[in-house]
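Per TrEMBL, the features are as follows:
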TRANSMEM  B:20-41  transmembrane segment
TRANSMEM  B:53-71  transmembrane segment
TRANSMEM  B:91-115  transmembrane segment
TRANSMEM  B:127-150  transmembrane segment
TRANSMEM  B:184-205  transmembrane segment
TRANSMEM  B:240-259  transmembrane segment
TRANSMEM  B:341-363  transmembrane segment
TRANSMEM  B:389-411  transmembrane segment
TRANSMEM  B:440-463  transmembrane segment
Amino acid sequence: MTTFWFIVIAFLWTGYFVLEGFDFGVGALLPLLSRSEADRRQVLGTIGPVWDGNEVWLITAIGAMFAAFPAWYSGLLSGFYLPVFLVVTGLIVRGVGLEWRGKVHSRREVALCDAGIVAGSVLPAFLWGAIFGNLLFGTALATVLGGALSLSVAVLHGAVFVALKTTGAVRARARRAALLAAVGAVPVALSTLPSVPGRGPLWTLGTALLAAAALAAGVTLVWGRREGWAFTATATAITATTATVFGVLSAAPLPGLTLAEAASAPYTLTLLTWIGLIALPGVLAYQAWTYWVFRKRLTAQVS
Amino acid sequence: MDALDLARWQFGVTTVYHFLFVPLTIGLGVYVAGLQTAWLRTGREHYLRLTKFFGKLFLINFAMGVVTGIVQEFQFGMNWSDYSTFVGDVFGAPLALEALLAFFLESTFLGLWIFGWDRLPKRVHLACLWAAVIGSNLSAYFILAANAWMKHPVGYEVVDGRARMTDLWAVLTNSTALAQVPHVVAASFVVAGGFVIAVIGYRVLRERGLGVLPGRPARTITAEDATTPMRRLPDMWRTALRAALVMTAIAGAVVAGTGDLSGQLLREQQPMKLAAAEGLRHDTAGAPFSIAPGVEVPGLLSLLAAHDPAATVQGVDDIQARYEKAFGPADYTPNLPVVFWSFRVMINFGMATVGLSVLGLWLTRKRRGRRGGQRAGQYGGSGEPLPAWFARLCVLALPLPTAAIIAGWLLSEIGRQPWTVQGELMTAASVSPGVSLGEVAITLAVFTVLYGVLALAEGALLLRHVKAGPELPAPATVPPGAVPPARAEETRLTPTLMY
């Protein structure tokens with residue numbers, strides 16, 4: 001039961017990184033992909049209906065950690081106090097920026113919202129990688145590289161998403177941005193991923209290799225303008241990376257803490273399992289439906 | 001001053017702040033969904049205008065509720081790690097359920113509602129808003145069930161220094177939760193109703209060229225005024241106002257009823273909070289209630305808490321002595337003045353709001369058989385003006401219930417001190433041992449400043465949209481290119497991310 005819940009939490013984090021990963025990328029790329037207000041609206045329109053739902057993956061992952069592994073939850077959040085605080089601050093300014101952007105009037109206020117969106121996307125995208133890098137290796141170098149990896153992959157993932165969801169000049173710019181992001185993401189990934197499985201189970205070597213391969217495939221597909229497949233590839237790369245990280249963490253989610261010590265009692269875990277099994281398919285179904293409703297590419301608005 | 005004090009301040013500041021926005025989200029969501037339902041059923045244009053107008057205000061506020069809620073979920077682990085480790089098995093479950101069952105519903109379907117106006121069939125689009133609103137209300141249930149467990153822990157046992165859940169059903173049907181959930185949710189409807197009343201009061205004053213404060217002598221409303229279209233209470237505002245008044249009055253009755261229930265549960269479960277709320281020092285039969293310091297009604301507290309004017313209510317000092325015997329020497333008394341005054345602000349401001357709504361219902365009632373012969377100074381039926389003094393009173397319906405619900409929260413949580421989990425875990429033993437004073441100081445300072453700035457921004461944004469008023473009827477009848485210049489500017493900046 002403990003292992004099962006660890007997998008559930010890894011799954012929730014994976015969902016979070018895959019979904020909010022492109023939100024972060026889109027937010028970070030906002031100034032680079034747009035030349036005008038219409039462009040900016042087109043770029044943000046790609047994530048407008050879905051970003052809040054994506055963020056709930058984080059809230060659920062954290063909530064599930066609290067319920068299933070209280071000691072892990074409290075140890076992680078209090079142990080990484082300031083980085084987590086900065087993540088939360090980033091999410092605040094980003095959320096407010098996204099929600100208020102369409103409701104403010106002057107250009108200056110819109111620019112302020114945009115600044116919040118960019119800062120609030122870059123900061124968490126970097127910090128989550130830094131936190132997990134530090135958790136795995138405990139060194140300053142790993143922290144910086146972890147952050148660089150998560151930020152660059154998020155930017156790549158976001159650029160591919162914009163290319164997939166738009167038409168016209170923005171789409172062309174997003175493709176170029178994706179290729180540029182790949183120049184950063186691929187070397188960082190190749191230098192970091194192979195070292196992650198070091199202390200983990202053997203299969204993490206496989207997922208690390210898969211992540212690297214998927215990333216390379218993604219770049220190739222962007223080059224070949226196959227955006228749908230490229231997005232699948234970057235999503236696979238993020239999934240495989242998260243799986244690798246949690247695979248290594250399964251032995252000790254925090255230094256000096258085992259899963260068994262951190263876990264809640266079997267009663268709680270069993271009940272949560274049943275509720276989760278009933279509710280999660282519904283959540284996945286209606287989130288998928290959202291993406292179906294907003295499946296069309298966004299064209300530039302003539303205003 | 002140590003890390004514990006600052007962590008408590010941080011929790012207080014961030015939670016009270018979060019609680020400024022959430023009740024409004026809970027109640028206003030239902031109100032807007034009701035307006036849109038009315039539009040779909042009647043097809044009347046003004047329901048659509050109202051839906052969009054209040055929908056926009058709802059969304060501005062919703063954003064703040066969401067982002068400040070993120071802080072809450074992280075804060076337990078960041079500042080209160082010993083608490084989290086102790087209670088996670090029990091307390092974490094409702095939080096996880098809240099995210100899984102309520103937050104996904106709320107955020108996903110709200111995204112569909114905001115962006116789905118042109119993409120979804122009308123009924124499906126409305127159903128999305130209802131789904132989001134149900135999500136908000138469900139989240140209130142789960143978080144309040146978790147909170148109720150802190151005040152009245154049930155369905156658990158303590159093993160190896162950690163609480164272990166033995167009965168989830170007991171946790172979810174905790175008597176404290178069953179009284180507290182409807183109390184807080186209904187209070188949220190009072191807050192939202194008050195917000196709508198205040199907005200309409202402000203609009204009515206504005207549309208008649210009057211200020212919020214009575215700057216000049218009150219004008220007598222003449223028969224002539226009543227026939228001038230600009231002086232009338234437009235049908236649209238009248239409908240919206242009546243709906244909000246009804247909502248506030250009914251919710252107010254629920255708040256009073258469940259508040260009474262909570263009072264009786266306090267006597268059994270948290271006698272110290274009850275004693276502190278009255279400042280009662282010793283166990284007293286026929287305990288009095290002070291309406292103001294020095295003005296006591298004999299037996300009223302006993303009547304409220306036990307439905308028996310002669311019943312005994314325990315006093316602060318005697319409970320302190322009993323707790324020392326049971327739990328060892330410590331200070332078990334919460335901050336008495338804060339709890340005492342919170343209780344009074346909650347009751348008085350809350351009742352004032354409900355009184356205002358009942359008065360409003362009377363003033364805006366339809367007068368049958370008088371259609372031809374309205375006398376000057378009467379403001380009853382459709383098309384008649386609302387008196388300026390009442391429109392000004394309406395504006396108070398925003399601060400009054402907001403102060404009341406915040407005071408209620410302070411009463412509930414400060415009155416629980418020094419416990420985080422009543423009888424099991426004290427606040428001093430809950431804080432994160434590894435987090436330094438400097439770290440908490442930084443986060444407290446940044447959150448306070450950031451929240452202050454955002455509150456001002458939200459206030460300004462809401463006020464601006466209220467001043468702009470509901471948008472003109474849909475441009476179906478307006479030929480393309482004929483948009484007035486002032487509207488064109490707004491249209492250029494708003495659409496994609498708005499509706």
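A Cβ is built for glycine as well, from the same backbone N, Cα and C atoms used for every other residue.
Automated prediction, rather than curation, is the source of TrEMBL annotations.
For the transmembrane segment (B:127-150), the list of distant contacts is 22, 25-26, 29-30, 32-33, 36, 87, 90-91, 94-95, 97-98, 101-110, 112-113, 116, 120, 171-172, 174, 176-177, 180-181, 184-185, 188, 416, 419-422: same-chain residues at least six beyond its ends, Cβ to Cβ under 8 Å. Spatially, the transmembrane segment (B:341-363) is not adjacent to the transmembrane segment (B:440-463); fewer than three Cβ-Cβ distances between them are under 8 Å for residues at least 6 apart in sequence. Residues 47-48, 50-51, 54-55, 57-58, 61-62, 64-65, 68-69, 122-123, 126, 129-130, 132-133, 136-137, 140, 184-185, 187-193, 195-196, 240, 243-244, 247, 251, 402, 405-406, 455, 458 of the same chain lie 6 or more positions beyond the ends of the transmembrane segment (B:20-41) yet place their CB under 8 Å from a CB of it. Between the transmembrane segment (B:184-205) and the transmembrane segment (B:440-463), the number of CB pairs under 8 angstroms, six or more residues apart, is fewer than three, so the stretches are not in contact. A Cβ distance under 8 Å defines the sequence-distant neighbours of the transmembrane segment (B:389-411), meaning residues of its chain 6+ beyond its ends; these are 15-16, 19-20, 23, 184, 187-188, 190-191, 193-195, 197-202, 204-205, 210, 212-214, 218, 241, 248, 273, 277, 338-339, 341-343, 345-350, 352-353, 356-357, 359-360, 363, 379.
Listed by sequence, the residues of this chain that lie at least six past the ends of the transmembrane segment (B:53-71) yet keep a Cβ under 8 A from its Cβ atoms are 14, 17-18, 20-22, 24-25, 28-29, 31-32, 35-36, 107, 110, 114, 195-196, 199, 240, 447, 451, 454-455, 458, 461-462, 465-466, 469-471, 498-499.
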